[in-house]
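A.B. asks: Mind having a look at this structure? Questions to follow.
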Amino acid sequence: MSFVGGGSECSVNGNAVAQFNKHTQQDRSLQQQVANQHGNVAQNQGFKKDNLMNVRDRANLDQFMNNGAPQNSFQFQPMRHELNTIQNQPNAIHQQQSNWSQDFVAQSPSAQITTPIAKTGSPVNAQWASEFSQAPATQQHNQRPGQFGPRLGGYRPMMGMSMAYQSQPQQQQQQQHNQEPQVDWENQFKEIEELTNKAEEVEEIQREQSPEIVVDDKYQATFQEVWDSLNSESFENDFINQQYEDFKRTQKDGFPADMNQWEKDFAKYASTRAHFGDYQFEDKQSNQFLDLPKDQDPYEIGLQLMENGAKLSEAALAFEAAIQRDENHVDAWLKLGEVQTQNEKEIAGISALEKCLELHPENSEALMNLAISYINEGYDNAAFATLERWISTKYPQIVEKARQENPTITDEDRFSLNKRVTELFLNAAQLSPNQASMDADVQMGLGVLFYANEEFDKTIDCFKAALSIRPDDAILWNRLGASLANSNRSEEAVDAYFKALQLKPTFVRARYNLGVSCINIGCYKEAAEHLLSGLSMHQVEGVDTVSTLNHNQSTSLTETLKRAFIAMERRDLLELVKPNMDLNQFRGEFSF
């Protein structure tokens, strides 16, 4: 992370040093003259001399002023008289100082008022530029904060978009003109020079370390042509169409004749998403549950750990041990998948849930959780097909009726597929019109479908309906919080996350989402504390986590923690964030 002189900040518009030079080189003589008309004239005539008009110039001016003009035109004669009066005041004549830098330092704060042209650049550069330009004392910059979207207990950030960090509200409070201390420009120049030298040294080191690659013009032209073709929209469409045609050819005779249409859809969409690979178990020396006596069931121990509020990482190790005893343990795979997604380890959770469905294709809990994880990772069609498989398993009569009414359903795009599956869930919801018989899982599935279409108000209504049936469900409270956060209702989202954590204090995902919302409302220290708390829950007591727990690591917590430290302008803390860091070094300043 470079605060100055790196990346895009090296551009003319983005470099704080360049902006500073531009501000200091502006001609402020007119502003100085206006500011100095009241009271004593400042001693800064180095930029502007009080020259008297010669005879020839005065004659030209008189000729210009006395030309005939329309009666309604602006009269310049009174203004000329006023200008001459001001210009010939005895107090306005001072000896020109020889040292221009001393002259510049002696400027009064009121003479430095200017409105600099807005420049694009990083928040750090913008702050530096405003500091050096000496904006008016009453000016405050308050920008609407950007948001990284929270996960809906596994929801993807901002509907599949990458987490973007935007500038948070920064209020620059300045004293009144008569209270402002004089700026020590010599020290400012010295500091800027030192920063520039350091940036040049870093750039030189990076240049020396990077291998020197010489590319001739012909090769560069060929590469550019290929690159442009790869980035063209037509190439992307052709690639996707070709991939799907290849899939249809390979699967034409691969489906059994008696396979239901929804099963074919699930097989089609699930095969076109990325393969997350087999689940990676922790090393043997890291898992104390592998050494349990035969009469002790690690699966039951894992359930007890979850019920008693132990760390999710410890429960995950217990379920891993149960699976390593019996690799076909469906319930252990299900619980392992649920625990890892709640522990902010999405990919590990997906691998476990997929293995559960491989052993038990109609497991409704695994289907619902896997659909949400697919949404979080951006595989919408796979999520919709998984939800259709869920409702086909729990409400087969609804799906069969829909197939009979439209036997030639071949939805290819995500919007048509979403609409089709949403109609199935709405039909299922109509089977239970009153709250007493309402299916909370149907409401949750509807909420996921509306969330994928960014219909957050409907999503919130669905999750609230589900909570009316299961008010003590921490996962539902977390999902409600994520929906509220994506509706720009961060304060309400914080309340929902706190409710989830009251019910389940070890819920790492809710703690992560809470940290994100705290950043969005400008509570950076609180955000850091929640994120550090989540990271501490990834550690297992009695195990050297730095050297042993190397699998299924999550980077979302550490990356968001970096953003919190950047917002706090704490580069010293930012440099401490790295893999396998010692969290105790933060305990002196943060409570977690």
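In case you wondered, yes, glycine gets a Cβ from its N, Cα and C as well.
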A.B. asks: Need the matching range: Swiss-Prot marks region 'Amphipathic helix 2 (AH2)' on one of 58-76, 153-171, 552-570, and I'd like to know which.
C.D. replies: 58-76
A.B. asks: Quick check on the annotations: Swiss-Prot lists motif 'WxxxF/Y motif 3' for one of 185-189, 235-239, 305-309. Which range is it?
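C.D. replies: My reading of Swiss-Prot: the motif 'WxxxF/Y motif 3' range is 185-189.
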A.B. asks: Counting by DSSP, what is the helix, strand and coil composition of the repeat 'TPR 1' (295-329)?
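C.D. replies: The counts are 24 helix, 0 strand, 11 coil.
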A.B. asks: When DSSP states are grouped into helix, strand and coil, how many residues of the repeat 'TPR 2' (330-363) land in each?
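C.D. replies: Grouping H, G, I as helix and E, B as strand yields 27 helix, 0 strand, 7 coil.
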A.B. asks: Given a Cβ distance threshold of under 8 angstroms, which distant residues of the chain, six or more beyond its ends, lie next to the repeat 'TPR 1' (295-329)?
C.D. replies: 281-282, 286-289, 335-336, 339-340, 342-343, 359, 504-508, 537-541, 549
